[in-house]
Amino acid sequence: MDANGGPVQIRTQNYVKLGYHYLITHFFKLMFLPLMAVLFMNVSLLSLNHLQLYYNSTGFIFVITLAIVGSIVFFMSRPRSIYLLDYSCYLPPSSQKVSYQKFMNNSSLIQDFSETSLEFQRKILIRSGLGEETYLPDSIHSIPPRPTMAAAREEAEQVIFGALDNLFENTKINPREIGVLVVNCSLFNPTPSLSAMIVNKYKLRGNIKSFNLGGMGCSAGVIAVDLASDMLQIHRNTFALVVSTENITQNWYFGNKKAMLIPNCLFRVGGSAVLLSNKPLDRKRSKYKLVHTVRTHKGSDENAFNCVYQEQDECLKTGVSLSKDLMAIAGEALKTNITSLGPLVLPISEQILFFATFVAKRLFNDKKKKPYIPDFKLALDHFCIHAGGRAVIDELEKSLKLSPKHVEASRMTLHRFGNTSSSSIWYELAYTEAKGRMRKGNRVWQIAFGSGFKCNSAVWVALRNVEPSVNNPWEHCIHRYPVKIDL
């Protein structure tokens, strides 16, 4: 301990905050028993005649009737519980692995990139947080590459059908039982649609409610879950299938604009399939229950709208441009999102601290005082932060005051699979399960960012101690993780 008692002071502050948190959180429970005791004492003082007169009165009958009707209305109108039976993440074949050296060799052989562009990609790749075993489609491994419609369809079929085959095998669900289908893929939207491709492959029923979301970026996986959840509130006793993926074949950039070269270094093959149910009996065999979804859209701001933008360069080569303001815009979107999410998940102790700090800052016009960032670790146990890149994970770790353990799943997913777009949050959840860390009652926060600009959150609660499903994408390599990442 130093002369000023620094460690002791910090430890004391932590204990005081913890005590405050428990006092405020359980305040109403602590007050309930004394109030009930007073109520029973008052009732015991009433005479038998008083009670008989009260029970025989019209008012008593009215109150009882009102209570019964109110209870019926409440139970009929409350939202249906949405359960996650299981999910599956696609594991590409080993032949599609791409090391740093192979990436750079292939890029130099293509002869579309200048020496400056090759060096830029090399530096981005080294600093990206990606490992040596991420995957690219066969069309990009080819020299020259094959960015054809047929190759793009082939990639989509491999990823989507691979994830779905494993999901149906693990759940033993007949595909014709599915009543809702939501597919999201931002940059590849053929005709017929990807959702129609799934209906055709698995012979889904003719009255299925089918949706195909395009152009919505890396946060579209949460949007798809939210849409499926809304549909399950309307349609009783059915399943919803959510498929999230991205397609690289026709979206590889072959130009020399630096802002458009970054996605080449980050995005990799991946996809997920999630099976949801609103059937009460499915609770027993489900892994998770959906607690909240919160969606934030900053598209009304021009800078936010343009920060992730598909366009053509001066040579008419198409790619996705990433703005230098991306992280600042993501930070603003995050603040807006957690402002809405906080009251739904945070203990009242944190809400009071946040509100008091906000009011004090406004009253005293103290612009230098930083806003109070709620401690989400008090309400959430696991964090699945979209593995968009090292900078994204770093920013959220800093903003939310998370520990390296809290962002481990995100960093390791980025290292092992790269940025798989909207499906990355499911690879992260699979990592947590493979590590044996998911216990009954644990709460999981999935948070993703996407073009538009959007920040979307989903919160789940584990219904049991969750074991990894068969063919979990980490099952053959989890013993090697976490790995040390040199940045």
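Each Cβ is built from the backbone N, Cα and C atoms, and glycine gets one as well.
Residues or ranges marked as transmembrane segment by Swiss-Prot on the basis of sequence analysis: 23-43 (among others).
Per Swiss-Prot, transmembrane segment is recorded for 57-77 (among others).
The annotation domain 'FAE' is assigned in Swiss-Prot to 74-363 on the grounds of sequence analysis.
Taking a C-beta cut-off of under 8 Å and a sequence gap of six or more, Cys218 (active site) has these contacts in its own chain: Ser186, Glu246, His386, Gly388, Asn419, Ser421, Ser422, Ser424, Ala448, Phe449, Gly450, Ser451. What Swiss-Prot records for Cys218 (among others) is active site.
Annotated active site per Swiss-Prot: His297 (among others), in sequence order. In the three-state DSSP scheme, His297 (active site) falls into the strand class.
Secondary structure from DSSP puts His382 (active site) in a beta strand. According to Swiss-Prot, the feature active site maps to His382 (among others).
Its Cβ taken as reference, His386 (active site) is surrounded by 32 other Cβ atoms within 10 Å in the chains shown. Sequence annotations record features per position, and here Swiss-Prot assigns active site to His386 (among others).
Of all Cβ atoms in the protein chains displayed, 21 besides its own lie within 10 Å of the Cβ of His415 (active site). Among the features that Swiss-Prot reports, active site is placed at His415 (among others), with the record citing similarity to another entry.
Look at Swiss-Prot and you will find Asn419 (among others) tagged as active site, backed by similarity to another entry. Around Asn419 (active site), taking its Cβ as the centre, 25 other Cβ atoms fall within 10 Å, counting all chains.
Looking just at the domain 'FAE' (74-363), the mean pLDDT is 94.
Counting only the Cα atoms, the space from His415 (active site) to His382 (active site) is about 19 angstrom. Counting in whole angstrom, His382 (active site) lies 24 from His297 (active site) by their C-alpha atoms.
With the fewest other Cβ atoms inside 10 Å of its Cβ, the least crowded of the active-site residues His297, His382 in this structure is His297.
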